Amino acid sequence: MLKEKNLKWLSLFTTVLMLFVQIGGALVTKTGSADGCGSSWPLCHGKFVPTHIPKETLIELAHRGVSGLALLSVTWLVILSIKYIGHKKETKFLCYMSIGFIFAQALIGAAAVMWQQNGFVLALHFGISLISFSAVFLLTLLIFEVDQKFDATKLILQPKLRRHTIGLTSFIYFVIYSGALVRHEKASLACSSWPLCRKGAFILPQNFYEWVQMSHRTLAFILFIWLTYVAFHAMRNYAQYRVIKYGYMIAFILICLQVTTGALTIFTAVNLYIALLHALFITLLFGLLCYFILLISRAK
């Protein structure tokens, strides 16, 4: 019983850590702190503790520290999960996903520091860390046996909801990548208005940065319409299943918050707190959609 309780605490701690890794990565990009330690990795300016620590260096060091702690925590969680709940069919798959993608995340992060990758490669960093977070999040739900609490094993889902959920989860990943590309290509303020690029002018983007920005907005708009439709379909037709009804209700709230913070990012000239909330909401939404995929795999 004590071991089970300790595993639950470890899984919660690791999930929160992974969330901080996500937000920390966004903070590094938004504050221009990616070069805070120069081209040195894992050292900072060639030293274990640099003598001069400006704000950018402090942010980069903090992100590296949290990422390193998360790597250790995920490794320990994976070992204990296989030992104590390895009999559950999803455990090993989620463990391999958690550990594999956090190592991939670390390697891409190191490569970005040492060899100055372009924006298209750097955008993968956020996406890969998102998969690792989602795997840890699902592993935590598995440890807490959330499915049993919501009677999720008794779900009967029609092919329509299954197809839409899988499609949404795949599509949102491309939306997230396009958003990360906006950050890394420094195209956040390429358009001065919202939702159009120029106020009152419905014209095509005029340069690369506007194309990056408007491509992300277009994909985000499609995602909003699609998820809204699926959420109301699920709440109307699956009201007897709390996990579906309230799960999609939360998903709808998160996508509304995501769109709102996206617009506010433009209106506030990329306010740091708004930008970090924007990254937080999409992380939570992606994790929730991945949970729906887990439910689909168990439903009749």
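Every residue, even glycine, has its Cβ placed from backbone N, Cα and C.
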Are Glu210 and Leu272 on matching sides of the membrane - judged by whether Swiss-Prot gives them the same topological domain name? yes
Looking at the disulfide bonds in Swiss-Prot, identify which of Cys44, Cys95 pairs up with Cys37. Cys44
How big is the Cα-to-Cα gap, in Å, between Glu60 (active site) and Cys197 (disulfide bond)? 32
Same-chain residues near the transmembrane segment (93-113), Cβ under 8 Å, at least 6 residues beyond its ends: 18, 21, 34-35, 37, 39-42, 67, 70-71, 74-75, 77-78, 81-82, 121-122, 124-125, 128-129, 131-132, 135-136, 138-139, 142
Between the stretches 9-29, 65-85, 164-184, 250-270, which wins on the count of C-beta pairs under 8 angstroms to the transmembrane segment (124-144)? 9-29
Same chain, |i - j| six or more, Cβ under 8 Å of His63 (heme o binding site); the result in sequence order is Val21, Gly24, Gly25, Leu27, Val28, Ser33
For Cys191 (disulfide bond), which residues in the same chain are close in space, meaning a Cβ under 8 Å from its Cβ, but six or more apart along the sequence? Cys197, Arg198, Glu210, Gln213, Met214, Arg217, Ile266
